[in-house]
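Undergrad: Under the heading transmembrane segment, Swiss-Prot lists 18-38, 124-144. Annotated domain 'PLD phosphodiesterase 1' per Swiss-Prot: 197-224, in sequence order, evidence recorded as sequence analysis. Annotated domain 'PLD phosphodiesterase 2' per Swiss-Prot: 374-401, in sequence order, evidence recorded as sequence analysis.
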Amino acid sequence: MIGSVLYLVNSQMDTLSIITWLLVILPFPILGTLFLIYTKQDWGYRELKSLIKKSTQAIKPYFQYDQRILYKLKESHARTYNLAQYLHRSGGFPVYKNTKVTYFPNGQSKFEEMKKQLLKAEKFIFLEYFIIAEGLMWGEILSILEQKVQEGVEVRVMYDGMLELSTLSFDYAKRLEKIGIKAKVFSPITPFVSTYYNYRDHRKILVIDNKVAFNGGINLADEYINQIERFGYWKDTAVMLEGEGVASFTLMFLQMWSTTNKDYEFAPYLTQNFHEIVANGYVIPYSDSPLDHEKVGENVYIDILNQARDYVYIMTPYLILDSEMEHALQFAAERGVDVKIIMPGIPDKKVPFALAKRYFPALLDAGVKIYEFTPGFVHAKVFIADDIKAVVGTINLDYRSLYHHFECATYMYQTDCLVDIKADFKETLKQSRRVTRSTLQKEKISTKLIGLVVKLVAPLL
């Protein structure tokens, strides 16, 4: 037990994670220590970690880093320049101009545009999604993919291994292969070896011909387009990139794909064959990996909060915070920044929702304004600040996204779509009820007790 305590105290874990593990180990020293070893040694993921490391190094030289663009950004906004420098150093991610960004305020609008763009594909289609479920949405997309295969377009589909326990059969990848689609399962679940929840591919990426890319919270299942109802109205968001910035998503996909077959052929898919797009602002697509000690997703969010002067508006389905993120939210509000958070009115998971409410009192006391979307569930992951910067992607405000999953997002500075993002937030706000100390007191006792108990193990959720 002493060895376990020494390991925890000297680890790079955040304070709450260390406390959580101590609460597990102290009353149950043998079982707790074995569980710690099981989760931290990653026996089922050592090969994956090695492959990810190799593919990450292999792909870095292909990121086209234009120093001139960076200098222009420095001249217009030094603080955003500093963040761009960080993203380049942490993952090699370049900053782009000449990239048009279109914002979608719901799954329905994204779905319609996806189909239009898929039908235009001439060379390749790459899809990487956390959830794919058979139904109207996936059925229509699959029909287009089959058509494109017949036309000679290379189609690749990759989905997370957890789907084999939920929405897709174990042989689904083989079924796709039979119709000419190259298919991969990322990190299949291995009983008693996989930790199940860790190292999941939570990313959502669609790339077409290195010309167009989609990113955001919307998976390929019918609830995301409100074709079926789950937890009321499903509020989600996405962005479409056209132009130079698409290359980063092409490379992100190829990097993850290569972990399953060590195929490091990247250059043929990076041909710049699109008409030059003139667009305002700067775009930085980026990803985050749980296999290093760099919390890229969280660091970007915290930077937005720390640099904000007027407002930060946030949409997130979950709110399970480490001390750094909680402090950043509080400090921004205490500095006079208008911090607003919209969360679900109807949660998809009751325990995490009860846990989120344990963070509400301290945030409210600091001046953070919290709202719940009354028509249903908010699955969007959006930050927008001061009319000049925003992030749309897959990164939730919880430990799973910030520490344990593979994620991706699009950082935007002074792009034209910021107007649409802010307008959508305000429209969503009109459909939301404000949370106050008074409303929290009216919560069910069971909800309060669940949140109180579960907060002790928040980092494990």
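Each residue, glycine too, has its Cβ placed from N, Cα and C.
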Undergrad: Taking a Cβ cut-off under 8 Å, which residues six or more beyond the ends of the transmembrane segment (124-144) line up next to it in the same chain?
TA: 111, 114-115, 118, 153-160, 163, 166-168, 186, 200-210, 219-222, 224-225, 227-228, 250, 253-254, 256-257, 269, 394
Undergrad: With DSSP, how much of the domain 'PLD phosphodiesterase 2' (374-401) is helix, how much strand and how much coil, in residues?
TA: 3 helix, 13 strand, 12 coil
Undergrad: DSSP says what for the domain 'PLD phosphodiesterase 1' (197-224): how many helix, strand, coil residues?
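TA: Breakdown, helix to coil: 3 helix, 12 strand, 13 coil.
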